[in-house]
Amino acid sequence: MVQCLVVDDDPRILNYIASHLQTEHIDAYTQPSGEAALKLLEKQRVDIAVVDIMMDGMDGFQLCNTLKNDYDIPVIMLTARDALSDKERAFISGTDDYVTKPFEVKELIFRIRAVLRRYNINSNSEMTIGNLTLNQSYLELQVSNKTMTLPNKEFQLLFMLAARPKQIFTREQIIEKIWGYDYEGDERTVDVHIKRLRQRLKKLNATLTIETVRGQGYKVENHV
């Protein structure tokens with residue numbers, strides 16, 4: 001089941017969103033502040049966060065930046081601030097979507113599901129290739145009795161490659177699929193993620209490897 005973190009200093013909004021999420025079979029974890037949300041994340045995995053901007057202490061912009069950079073969690077801003085400058089700052093902070101108050105909770109749920117689809121978190125599927133099992137629900141890799149949890153983007157990148165063995169993916173294709181077509185960062189971030197994945201696969205003694213195809217991109221090979 002999808003785990004959704006909702007952060008807002010208004011308890012009425014927290015209860016309102018949580019009750020509707022639960023009817024849609026989405027687990028809701030409500031927190032009144034950015035600091036409380038980060039404390040929760042020390043012990044609880046979530047798939048997506050809905051974040052207010054105007055909060056005491058850590059505001060929504062700061063929280064969004066931390067969620068994206070430290071936890072790699074997709075974020076939807078939910079706020080009464082509708083100025084273009086606020087939206088610009090939110091997207092610079094890393095938000096995946098922006099919803100203004102007052103809002104229709106059904107629309108918020110539509111947007112949550114749309115962002116989850118973009119991140120491929122809407123499925124509980126497992127995939128096994130060689131001696132490696134990938135659990136998409138928990139972002140876990142397993143080889144024999146060894147289990148490893150990955151950051152979201154690393155897992156989705158590996159899952160995409162493993163789902164199409166021997167197909168070559170260019171950096172541009174990977175960025176569009178994993179980071180989104182509007183990503184403005186350095187495409188070399190793909191190389192960094194690939195390097196980390198190779199290290200993790202080696203540590204697990206997986207038979208799956210990620211190969212570089214010179215001048216083209218990356219593909220996976222299973223050595224059994």
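Going from the start of the chain as shown, residues are counted 1 onward.
Cβ atoms are placed via backbone N, Cα and C, with glycine included.
Small disclaimer: the values here were computed from a predicted structure and weren't measured.
Here's what Swiss-Prot has on this protein:
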- 124-222: DNA-binding region (DNA_BIND)
- 3-116: domain 'Response regulatory' (DOMAIN)
- Asp52: 4-aspartylphosphate (MOD_RES)
**Prompt:** Mean pLDDT for the DNA-binding region (124-222), as a whole number?
**Reply:** 89
**Asked** How many of the residues that make up the DNA-binding region (124-222) does DSSP mark as helix, as strand and as coil?
**Response** 37 helix, 29 strand, 33 coil
